[in-house]
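What follows is one structure encoded as structure tokens, with my remarks underneath.
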Amino acid sequence: MDGRVALVPWADMLNHNCEVETFLDYDKSSQGIVFTTDRVYLPGEQVFISYGRKSNGELLLSYGFVPKEGTNPSDSVEVSLALKKSDKCYKEKVEALKKHGLSASECFPVQVTGWPLELMAFAYLVVSPPSMSRQFEEMAAAASNKATSKKDIKYPEIEEDALQFILDSCESSISKYSKFLQASGEMDLDVTNPKQLNRRLFLKQLAVDLCTSERRILYRSQYILRRRLRDIRSGELKALNLFDGLKNLFK
């Protein structure tokens, strides 16, 4: 509406469904708010819209609900990565990050399907040795989502260290989530009918649901990272065995 804001009565009565792709929009020809369904609805069946591709955390904060675990393909969890202050090149790395609008500590969204290129680039920067100082700028640029083009940088010589660093960060988060869930106890309340619940219990159940879904993503990431590290290490072992075999052959 060219920057103008309008109240849309009854629009908030339409519920969100993660599988629905369409949403409310402004139609200039009719000068009204329209909604075109993306599927056939039967008489008496509830019609859903999309509130946008948002994580469970965003949906909870903005709309006050958490979709059932595993039903939101846009769900993600923020993983925090930070430079180590004991790093010999800490100042140089911080300067490289500042040039691209980043700080020594950043959060990146991780999904069940994987993680963004920016997260991997930041991990490369964290574990990179002084001998790779000329690549600090390239790593910092790739870690910034402000970059006009996404660049999938690869440094095979430090890939194992970078993946291990991400794994350690994920497992640290898993530990925190598990402690919270353990302290909260087992809860399985029907949050679809909040009127029947004590408000405090209702909010606690939402927090438990959110943490459970986010921990699920972290568990999946943990599995993928462990498998990739296993493959790298088994490949290195094979290479070493081959090298030793060649040495023995020429003795």
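Backbone N, Cα and C define each Cβ position, glycine as well.
The structure displayed is predicted, hence computed values, not measured ones.
The helix, strand and coil residue counts that DSSP assigns across the domain 'SET' (10-52) are 3 helix, 10 strand, 30 coil. Marked as domain 'SET' by TrEMBL: 10-52.
The annotation domain 'Rubisco LSMT substrate-binding' is assigned in TrEMBL to 85-218. Broken down by DSSP into helix, strand and coil, the domain 'Rubisco LSMT substrate-binding' (85-218) contains 83 helix, 8 strand, 43 coil.
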